[in-house]
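Q: Sharing a structure here in structure tokens format.
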Ligand SMILES: Nc1ncnc2c1ncn2[C@@H]1O[C@H](COP(=O)(O)OP(=O)(O)O)[C@@H](O)[C@H]1O
Ligand SMILES: [Mg+2]
């Protein structure tokens, strides 16, 4: 009995920070309809700021004031972000908002690195709560008990704020009735700012509160984000009781996981999530209409048509020139061009999913990294030749997409985005914890191409053939019946269904197709680099692809590969600077607020104006 | 002859609101029937249940003798029911002809194919259908730029592309000019006569209803309160009361 109780208590203590971050995310979403992907960053900031304050404020009073002040400071930073950035994108499609919040993630990451340095910070112990108490013979840290008591207090305070104050009434009204928000007029801006600040303050508070347990490090933004998404999906977006219930459930399951299944703690919570999702697609206490529509807002794109002969001849010539690169380019140029081609295929696959199917996946790296690992594992453990590995990489990634798509497509809109991200992170953690089999954080190295393809020039040509072939295939699919059916489902799903299109099956097929193409890119990547590390599965990799699609332009046919080429070349240049994430983040914010049509879209608009 | 569509005691509740409350009726093949009733009577909700877009709380729907309750829309479409929406549904990113071509592709189930150029498929059939609804001259314009009345006609062409045995039309002429309304309804009823297609439509314009429907059903607050020929329905006291109750001009009913 004792050990089980102790574990439940640990779970309850862990639920504290999770609940605060999740409820903040939920609140913000309820009022502004923005899924704040930067919410983990505010949590991280809370931890770092709290840590600094604890260094200067002495004693018990200092400790608790530091936590409170950290929350307030993060709230203020949140208000700043809302006023400067988010206000400009409320009217934009949801995807733009998500990408804008991702720009914030990048900037916060580099700022934290600049200010606090790369090393993990050990959290100070809470004065007066250092030891353990024995409950049924089991040691339970006193600070855990404090957290168990504090969390419901915060929840109660939040509940009182929401039900008893004028601000709370507005928040609830806005959450329940979208029309109401418009009628608020001037108040609306401050309601949005206030809610965003409150949500961020909660995240900051959570980050500071968990300092004695977990300290502060630069990975904690993505770590918490995954758990929070799981919590929100399980509890139901926009429901505070749901957030509390799910935080406790997920935390307790997590603690038991550590004991019984230490290899894959995260996997266990995912099993719980999938089970809940099968049973209630909108979460335990969620409501259907909250899921929202995603993707196509704004004027519809023009009907697409296959390129005419002049363009085709031009493209063919350009491809010939590109294929001949080894004849005139330097060794470095050939290697860089190989990388760019691979990345273009990866980006084009996501662009297909987003542009044609209107599915905003935030975990596309799962298939890129999945294909890469499939190839590497086949070579390492089965002694597969390169040719076979390159064939099986897209197949494995396609199978993976089939499985993930089955679950993720039960949800739609923001839930879908969160689920794809969560699954990618699950895969990442499986590989990370995979020990000798996956190489863990050491990755798999020494995976080289077959001897005939080993010279850089030959491998470049192989990559060229497969990537250009893949990109052309994706592009052609947009002109084929599949592309039309997908766009029909995207433009107007009820109309598509009433014409006999099985919308979900179409989306599933698109998800699998795009996943397989990303897997091909991943397979090529392994042989180009000779190695693969877990960071090919990271959230950051998924976001790279997403940013690229943006950079290129969603509502264009060429946006994927154009953005990919510019991005990969740009990153090659950017990463020579120390704080390149910061720069990238600023570029992202610039695109989202100033040139939302992307490179291809902006160029096209410019061309149209010149012609007139 | 057994009924083509047999609706038995169908209900759909939203919380305490009984949007559709125990509705039963039958349609025989070739019927052209109107479903009228004030706003909020439950007409659109009834259509949604017939198409499988919304699950009924209770009741059954039989089509062609087989139970279709609870099937997904794509399945029900395969059985031969088609529909147009009250809020006109077309695919804005395609040209007018491509809209119809896509509906044809959906009809013959070739939607996972990635080989042929779709714009060359079903082009003739699409043009014929556009000709039928009077949109032939707009075939290559983007659907997004069409006028409202033209969108309604485009959606009709999309629905007809599925060769439905039963066509449900939710306010097919709303927002159209009077002559356009008559044209559109004459087109549909002519097709119905020629092909044996069955039609159930909702409509607010009583002129249209009485000119084109063989029989009329009246829905009020979720329940069917009258059914009969236009003349019978026009003379029905309860129907007059319902329309009086919501402030509609009873003269419109009487004069039509
Ligand atoms: N999804 C829904 N949730 C809640 N109430 C609904 C929903 N759909 C329709 N209703 C309500 O059901 C009633 C019938 O609506 P509807 O079928 O659209 O009527 P009609 O088409 O006859 O104007 C209305 O009161 C409407 O507000
Ligand atoms: Mg209606």
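Glycine is no exception: its Cβ is also placed from the backbone N, Cα and C atoms.
Note that TrEMBL annotation is computational and uncurated.
According to TrEMBL, the transmembrane segment annotation covers A:6-29, A:41-57, A:63-86, A:98-117, A:145-162, A:190-212, A:218-236, A:388-409, A:416-437, A:457-474, A:508-527, A:579-599 (among others).
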Q: Near the transmembrane segment (A:145-162), which same-chain residues lie under 8 Å Cβ to Cβ, leaving out any that are not at least 6 residues past its ends?
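A: For the transmembrane segment (A:145-162), the sequence-distant neighbours (Cβ-Cβ under 8 Å, at least 6 residues beyond its ends) are 9, 12-13, 15-16, 19-20, 23, 126, 129, 133, 168, 171-172, 202, 205, 209-210, 213, 240, 244.
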Q: With the transmembrane segment (A:218-236) as the reference, find which of A:41-57, A:63-86, A:190-212, A:416-437, A:508-527 contributes the most Cβ pairs under 8 Å.
A: A:416-437
Q: Any chance the transmembrane segment (A:41-57) and the transmembrane segment (A:508-527) have 3 or more Cβ pairs under 8 A, given the pairs are 6 or more apart in sequence?
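A: Contact between the transmembrane segment (A:508-527) and the transmembrane segment (A:41-57): absent, because fewer than 3 Cβ pairs are under 8 Å.
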Q: In terms of Cβ proximity under 8 Å, which residues at least six beyond the ends of the transmembrane segment (A:6-29) contact it?
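A: Cβ under 8 Å, 6 or more out: 35-36, 39-40, 42-43, 135-136, 138-141, 143-145, 147-148, 150-151, 154-155, 158, 171, 195-196, 198-203, 205-207, 209-210, 213, 224, 227-228, 231-232, 235, 237-240, 242-244, 246-248, 250-256, 259, 290, 414.
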